[in-house]
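Okay, structure first, notes after.
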Amino acid sequence: MYLSRFLSIHALWVTVSSVMQPYLFVWGHYDVCKSLIYTEEGKVWDYTACQPESTDMTKYLKVKLDPPDITCGDPPESFCAMGNPYMCNNECDASTPELAHPPELMFDFEGRHPSTFWQSATWKEYPKPLQVNITLSWSKTIELTDNIVITFESGRPDQMILEKSLDYGRTWQPYQYYATDCLHAFHMDPKSVKDLSQHTVLEIICTEEYSTGYSTNSKIIHFEIKDRFAFFAGPRLRNMASLYGQLDTTKKLRDFFTVTDLRIRLLRPAVGEIFVDELHLARYFYAISDIKVRGRCKCNLHATSCLYDNSKLTCECEHNTTGPDCGKCKKNYQGRPWSPGSYLPIPKGTANTCIPSISSIGNCECFGHSNRCSYIDLLNTVICVSCKHNTRGQHCELCRLGYFRNASAQLDDENVCIECYCNPLGSIHDRCNGSGFCECKTGTTGPKCDECLPGNSWYYGCQPNVCDNELLHCQNGGTCQNNVRCACPDAYTGILCEKLRCEEAGSCGSESGQGAPPRGSPALLLLTMLLGTAGPLVF
């Protein structure tokens with residue numbers, strides 16, 4: 001019985017692994033641009049091709065509608081359910097949030113019910129065509145890594161074109177045509193991606209798969225990216241070396257999956273029958289609840305991350321490259337022509353780094369903190385020597401230990417690094433983090449570790465309170481001084497003045513005029529336990 005269970009679990013694991021492995025393999029590599037390796041000559045940099053992780057690119061886009069006033073609700077209007085032209089009690093009103101359907105609802109989270117969606121005005125001006133262009137712009141070159149998925153809240157359109165731009169919207173090329181009747185709408189024979197091959201993968205087709213009218217289970221339109229990958233990598237995308245080889249050597253294939261903008265052209269809404277019902281035009285409109293576009297910044301295999309700042313995407317370039325797409329060599333690193341990285345050989349690829357110009361070795365890039373540098377052939381890089389102004393690093397771009405970056409100063413400012421000034425009595429060491437905060441000892445707080453936490457007082461650093469006149473009282477008439485010691489009357493001694501001084505001399509008795517020592521108080525017992533764990537105090 002146990003053997004059969006083991007075999008069943010093993011079979012399940014093998015099945016899951018075989019299914020998941022290709023998808024982990026597809027996008028799991030090229031996430032490191034360089035790494036230190038050990039050779040006979042010592043530690044050296046190993047440069048590799050690298051790219052950002054695939055992500056949801058709708059977070060970074062700008063959407064534009066044409067005509068601009070095509071969204072419903074201004075003025076308010078009623079519309080009918082597609083499946084029932086007599087149910088016209090739905091209302092779109094742009095001035096009421098609960099009834100408004102603005103464009104941003106195409107990109108929000110769709111985990112709730114009812115779903116949110118953008119909606120156009122109805123076809124009230126029939127027979128004038130009801131046509132809408134929805135343009136998605138990134139102001140940056142991106143590479144598509146998964147299917148484009150458009151979910152309609154209304155019926156899928158009878159006619160639609162998905163277009164792409166590679167030059168920020170100046171020119172457009174069709175990606176795919178969609179129609180209930182391709183021959184009638186676009187004079188094209190209907191096809192599906194399954195009809196293509198390696199040799200025809202770039203063919204622009206018209207498909208009738210996604211334009212079958214309204215149905216609750218038929219709301220989605222795809223542009224199949226992964227099916228096209230599969231022509232080279234196999235049905236489960238196992239042979240990525242083949243796909244990467246094609247992307248490396250075939251510019252047209254690489255450009256096919258690359259865009260700066262996408263445009264959805266809605267040419268005819270879902271009618272549901274051959275003829276338009278002119279008595280119920282309020283049932284004809286477009287409504288989109290979700291658009292999914294997954295991809296990554298195109299960085300020419302010279303970066304692993306892409307910054308989004310001031311509504312703009314920019315690659316964080318490595319390999320001595322620069323530009324929004326890492327598309328050129330940095331100044332003084334033009335010793336050979338710029339080249340994109342290469343996916344091959346699998347799995348690390350080739351970095352094709354930019355190397356220093358022969359004339360640039362004497363012109364160091366040290367942000368003005370040094371005029372000396374050295375080209376290290378083994379590391380294939382230039383390193384600044386003798387950085388000043390408390391800086392360090394390959395380009396004097398970092399701060400020395402015990403200093404932190406001045407956020408208000410440029411990298412070439414002499415005051416770019418500020419001393420941490422950690423209090424030596426309250427801090428563990430003299431170093432601080434990037435915000436100037438020091439690492440404090442127990443009981444100490446503050447940016448420079450010069451303040452005490454409650455229950456502690458400053459005395460050559462923060463020490464636990466001995467007395468506080470609240471919980472820990474000095475006894476027998478003693479007075480608390482600065483929370484760190486009790487000043488006792490002449491006849492008493494001890495931390496809380498709890499002992500008779502005569503006890504130390506062994507002279508307590510009736511003759512001395514001093515009685516037996518008082519019984520310990522709860523406060524004294526508490527203090528004794530605290531001090532027992534905190535260690536000896538110095539007075």
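Placed from the backbone N, Cα and C atoms, the Cβ positions cover glycine too.
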Of the residues Cys449, Cys452, which one does Swiss-Prot pair with Cys440 through a disulfide?
Cys449
Do you know which of 80-91, 236-247, 260-271, 452-463 Swiss-Prot annotates as region 'NGL discriminant loop I'?
80-91
Between 40-46, 124-130, 208-214, 425-431, which stretch does Swiss-Prot give the note region 'NGL discriminant loop II'?
208-214
With reference to Swiss-Prot, specify which of the listed residues Cys364, Cys387 is paired with Cys373 by a disulfide.
Cys364
Tell me, from Cys317, Cys329, which cysteine Swiss-Prot puts in a disulphide with Cys326.
Cys317
Identify, in sequence order, the residues in the chain of Cys299 (disulfide bond) that are 6 or more apart from it along the sequence and have a CB within less than 8 Å of its CB; answer 'none' if there are none.
Cys50, Gln51, Pro52, Cys306, Cys315, Cys317, Asp325, Cys326
Give the distance between the Cα atoms of Cys80 (disulfide bond) and Cys329 (disulfide bond), rounded to the nearest whole Å.
58
Give the number of CB atoms, excluding that of Cys92 (disulfide bond) itself, located within 10 Å of its CB.
23
Spatial neighbours of Cys449 (disulfide bond) that are distant in sequence (at least 6 apart) but have CB under 8 A:
Cys422, Asn423, Gly426, Ser427, Cys438, Glu439, Cys440, Lys441
Under 8 Å between C-beta atoms and at least six apart in sequence, can you list the same-chain neighbours of Asn133 (N-linked glycosylation site), or say none if there are none?
Leu65, Asp66, Arg263, Ile264, Arg265, Leu266
Rounded Cα separation (Å) that holds between Cys72 (disulfide bond) and Cys297 (disulfide bond):
34
Over the domain 'Laminin EGF-like 2' (364-419), what does the predicted model average in pLDDT?
87
Please report the Cα separation of Cys452 (disulfide bond) and Asn433 (N-linked glycosylation site) in Å, rounded to an integer.
20
